[in-house]
C-alpha cells in the first residue's frame, strides 16, 4: 500500500500554460476600483452602516445586551472586588509617585475606569494608575513646580498647600492633553504607531522605569527630604544625594518600611504556595493598609517616632475644573510621550489577553477609549493613566470575563472616596513606598531578558540595552525618544543589509532556492535568477543594483564603458576613412583634364569650361552622397555593435530574472533603478524579466510610466519558473537546446 502511494506521488504531474503579467490580467480580468467609486462607497450612508459605526465607537452597546448574567456575573463580581482591593493601595501609592496628594490617586482609579468600561474593547485589562505613568507625571510636576518655588520666608519652609495645588493643575492639564492626543490619533487610525515600539524596546523601557520608581521611593523608605531634580542624569544625582544623607535617616520610618515590605513579600509567597487551594488570593495590600493605619493611629507613629503619614484626605468627589490653556505649550512634548507610552502598554497587554481568550482588540478604538478616559478624567483632577499588569492578571485569574469587573471596582473605589477615604489619614507613607517597591518585582525580573536575548537575538538585545541606558541617564521622556530613534535607525540599517542570493532550480521541481544554501539547487544554464530578502526602496535601491551586478559575475559598467569607447573609435575611424576617400576622389577629378580643341573659338572654349565645371560638381556631389550612404549602411550592420564583434567578453547568460516576491511597494527611486537595470543589461545583450510581482506593485509600475516600447508587461511573469521557461524558449542567442526546456 505504501509503495503504491509513493508511486502515485511520484507520478503526480501538473501542467499549466506560461503566464506573463498581461496574460494573467486578461485571464483573471484584473481591474482596480476608481477613486470616485471608492469615495462614493466610503461616503455611503445607511441604517446598517450607522449602527455599525455606533457599535464600533461605543462597544458596550454590542456586548452588554448579550451579557450572560448567570455564567459571568459572579466571576466579574469577585474579580471586580479583588481588583478594587488592589486599586486602593496602588491609587494612594502611585499618587505619591506623581508628586500629588494621595486622594488624587483614588480619583484616577474611579473616573477613567468607568469611561473605559463604556468605550474599551479589551475584556481583561485593568485601567487605572500605573507606576510607569505615575513616575513620568511625577518628573513633569517636580520639574515645573519644584519645592524651591514655594519656600516661605523667613523659616524657608515649603508651602505644601500651594505646591500641591500647582502640581494638581499641572497633572490634570497634562491628562487632558494626553487624552486629546490619544483620541486624535485613534480617530485618524494611527493605532499602528505602537508597531514601532518593539517588545525589547518596551521591556527595556519599563525595566528602566521600574528602576526610576525604586529610586524615587527611597526618600519615603528612609524618611529623607531631598531636593527635586529633573532632566538628564537626575536619577544619578538622586542616588548620590540619598547616599550622602543616609546618616540622617529616620529609624522609625526605616523599620516601618522594612516590616511592611517583609509582610507583603510573605503574603505573596503564601498566595503562590496556596494558589490552587484558595478561591481568591489573600489581599495583602489591603490588610497591610488597614493594619498599618490602625497601628499608626494607636501608637502615634507620627508624633512619637517622626514617621510621615498621608495626612488629610477629603471626603466626597471634587467638582470638575477646566484645564489651564497657558500650560499647553509647556506640556505638549511630555503629553505626546506619555500618550504613546500609555497606549503601548495598554495595547500590548490587551493583545496578550485577547489571543489567550480568543477575541479581537481594536487598536484604534483602544486609543480612543484610553484617550477619553484621560480626557474626561483630566477635568475631574485625575492624572494620566494606563493599565496595570499586576491588576490585569488578578482581574483575569479571579474569573473576570468582561469590563463589568472594572465597573464594579470603580464603584467600590467611589464608596471609599465618598465615605471611607478619611479613615486612612494616619497611614504611613513608608508603607505605601514598600507596597510600590514590592509590586515592582515583576518589572525588575525583566533583567533576565539580557541572558535570553543574548542567546536568541543580539540585535534585540542591543535595542534593550540602549533603551535601558538612555532611559536611566536621560530620564523617561528623552530616553524613549532616543530608544525609538535608535530602533528606527537600526531598522533602516537592517533594510540596507538584506540577503541577496542567486537562485537555482531544485531537481525535478519548479522550486528555486539559494545556490549557496542548497547544494542540490543548480543554476539554469543561460539564465540568472536574482532575489533580495527585503523590499527595494530609496534607502537600498543603489545597494540592490550593485549587489545584482556583483552576484551576476559580470562587470556591467566596465563592459558598457568599453563598448561605448570602441563604438566611438569605430565611428571616428569610419568618418576618417570617408573623409580620406572623398579627398582622393576630389583629387582624381581635378587631375583629369578636359580635352580642348585648339582650333575652336573663344566662345566654344568658354562654353566647354562651364559645362565641364557643372559636370564635375554634379559628379562630386553624387560621390559624396554615395560615400555617406555607404557609411550609414556600415553603421547599420547587425554585428558591428555587438560585444562579439567588438572583441569584448560576453556574459555567460542571456537572460536575467528578478524575483520581486519581497517587493511590497514601489517608489520613484525604485522605478528609476529598475529602468536603469533593464537598460544596462540590455546594453550588454542580456534580456531582463521580473517575476512574482504583487498587484499593488504592478499598479504602481503603471502609474510611474515604467512600461514603454522596450519594457512591456510581457517582461513580467506570474512565477519565477514561468519566467525561466520563457527565457529558455526565447533566448537572445541560440545557446540553449530545446531538450533543456523540455526537461524543465
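Cβ from N, Cα, C; glycine included.
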> Of 174-197, 198-221, 222-245, which span is tagged transmembrane segment by TrEMBL?
Replying inline: 174-197
> Ranges 335-355, 419-439, 440-460, 503-523: which does TrEMBL label transmembrane segment?
Replying inline: 335-355
>> Which range is it, out of 307-326, 367-386, 527-546, 547-566, that shows up in TrEMBL as transmembrane segment?
In response: 367-386
> In TrEMBL, which of 146-166, 398-418, 587-607 is labelled transmembrane segment?
Replying inline: 398-418
> Of 463-493, 618-648, which span is tagged transmembrane segment by TrEMBL?
Replying inline: 463-493
> What stretch in 72-88, 174-197, 246-270, 367-386, 463-493 has the biggest tally of Cβ pairs under 8 Å against the transmembrane segment (335-355)?
Replying inline: 174-197
>> Out of 72-88, 94-118, 174-197, 246-270, what stretch is closest in contact terms to the transmembrane segment (463-493), meaning most Cβ pairs under 8 angstroms?
In response: 174-197
> Taking a Cβ cut-off under 8 Å, which residues six or more beyond the ends of the transmembrane segment (94-118) line up next to it in the same chain?
Replying inline: 58, 60, 87-88, 126-131, 134-135, 137-138, 141-142, 145, 164, 167-168, 171, 213, 216-217, 220, 310-311, 313-314, 317-318, 369-370, 372-374, 376-377, 380-383, 385, 403-404, 406-407, 409-410, 413-414, 416-417, 421, 424, 429, 432-433, 436
>> Is it the case that the transmembrane segment (367-386) and the transmembrane segment (174-197) touch, counting contact as three or more CB pairs under 8 Å in which the residues of each pair are 6 or more positions apart?
In response: yes
